[in-house]
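Asker: Copying in the features that Swiss-Prot gives for the protein in this structure:
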ACT_SITE  H74  active site, charge relay system
ACT_SITE  D119  active site, charge relay system
ACT_SITE  S212  active site, charge relay system
DISULFID  C40-C172  disulfide bond
DISULFID  C59-C75  disulfide bond
DISULFID  C106-C152  disulfide bond
DISULFID  C107-C264  disulfide bond
DISULFID  C151-C218  disulfide bond
DISULFID  C183-C197  disulfide bond
DISULFID  C208-C233  disulfide bond
DOMAIN    34-257  domain 'Peptidase S1'
CARBOHYD  N112  N-linked glycosylation site
CARBOHYD  N130  N-linked glycosylation site
SIGNAL    1-18  signal peptide
Amino acid sequence: MPLIRVLASLLILQLSYGKSLDNGAKAITSLDRIIGGFECNPSEHRSLVYLYNSAGFFCSGTLLNHEWVLTAAHCNREDIQIRLGVHNVHVHYEDEQIRVPKEKLCCLSTNNCTQFSQDIMLIRLNSPVNYSEHIAPLSLPSNPPSMGSVCCVMGWGTITSPEVTYPEVPHCVDINILHIPVCQAAYPTMSGKNILCAGILEGGKDSCKGDSGGPLICNGQIQGIVSWGRFPCAQFLEPGIYTKVFDYKDWIEGIIAGNSNVICP
């Protein structure tokens with residue numbers, strides 16, 4: 001049955017990671033990954049944030065403005081800390097900043113963050129972030145992405161699969177926006193609502209363990225949030241599933257504007 005794609009260092013003892021499904025298919029998991037990519041240029045990921053707690057790194061997110069970060073709902077944890085302006089996780093830039101959540105809001109309710117359904121979460125920071133050489137926001141989408149668009153997904157997730165190798169620096173990989181039926185063929189029970197299907201049909205490039213919550217960027221705008229997919233990653237005809245940010249744009253802008261009554265799609 002489906003398993004949540006979790007960071008192996010956190011839950012490998014509790015979960016049968018990568019276990020086969022009843023029908024012989026590979027396990028559907030979450031907390032995604034970068035396979036087949038390259039080290040990101042520090043100037044190209046100024047909005048990328050690093051989420052961690054006492055157990056270590058677990059997700060990425062995206063800075064939207066001085067006070068708000070966007071990530072996946074299944075990245076919700078206790079005692080989240082947020083590093084901004086990070087490239088090499090062992091090296092601290094002078095302009096690096098650390099914040100904690102003042103408020104966490106999920107689409108269903110402030111206290112009910114789900115794993116896959118409406119996999120989106122806003123984090124309000126405890127104090128505003130100062131923009132700098134290594135820290136800048138990313139724009140929300142003005143329009144949904146076109147089919148076939150080449151977009152970049154990034155994060156500190158494993159760069160090998162099924163073996164797990166976590167890099168010190170974020171990796172980026174270019175993938176394509178695909179038609180929803182492509183993902184429905186790979187995952188017959190999934191809903192096609194409020195998601196993007198993205199990847200490379202022949203395999204070899206994908207997000208993977210540790211990339212969840214990070215951005216899928218198309219033409220300089222965040223169009224997707226890494227949500228879930230198959231493990232091992234980057235397999236033939238098995239793209240990844242991303243939360244479709246454009247469908248949540250009104251909700252995001254309403255929450256940021258202070259409208260607690262805004263309706264989630």
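Residue positions begin at 1 at the first shown residue.
Including glycine, each Cβ sits where the backbone N, Cα and C put it.
Given the structure is predicted, the values throughout are model-derived calculations rather than measurements.
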Asker: Where the distance is taken from Cα to Cα, which of the disulfide-bonded residues C151, C172, C197, C233, C264 turns out closest to D119 (active site, charge relay system)?
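Answerer: Going through C151, C172, C197, C233, C264 one by one, the closest to D119 (active site, charge relay system) is C264.
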Asker: Across the domain 'Peptidase S1' (34-257), what does the mean pLDDT come to, as a whole number?
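Answerer: Its mean pLDDT is 93.
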Asker: Quick one: of the disulfide-bonded residues C75, C107, C151, C197, C218, which has its CA closest to the CA of S212 (active site, charge relay system)?
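Answerer: Its closest listed neighbour, by Cα, is C75.
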Asker: Counting all other Cβ atoms within 10 Å across every protein chain shown, which of the disulfide-bonded residues C208, C233 scores highest?
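Answerer: Per the Cβ count, the most surrounded site is C208.
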Asker: With every protein chain in view, what's the tally of Cβ atoms within 10 Å of the Cβ of C197 (disulfide bond), excluding that atom itself?
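Answerer: So the number of other Cβ atoms within 10 Å of C197 (disulfide bond) is 26.
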Asker: What is the total of other Cβ atoms whose distance to the Cβ of C106 (disulfide bond) is within 10 Å?
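Answerer: I get 20 for this one.
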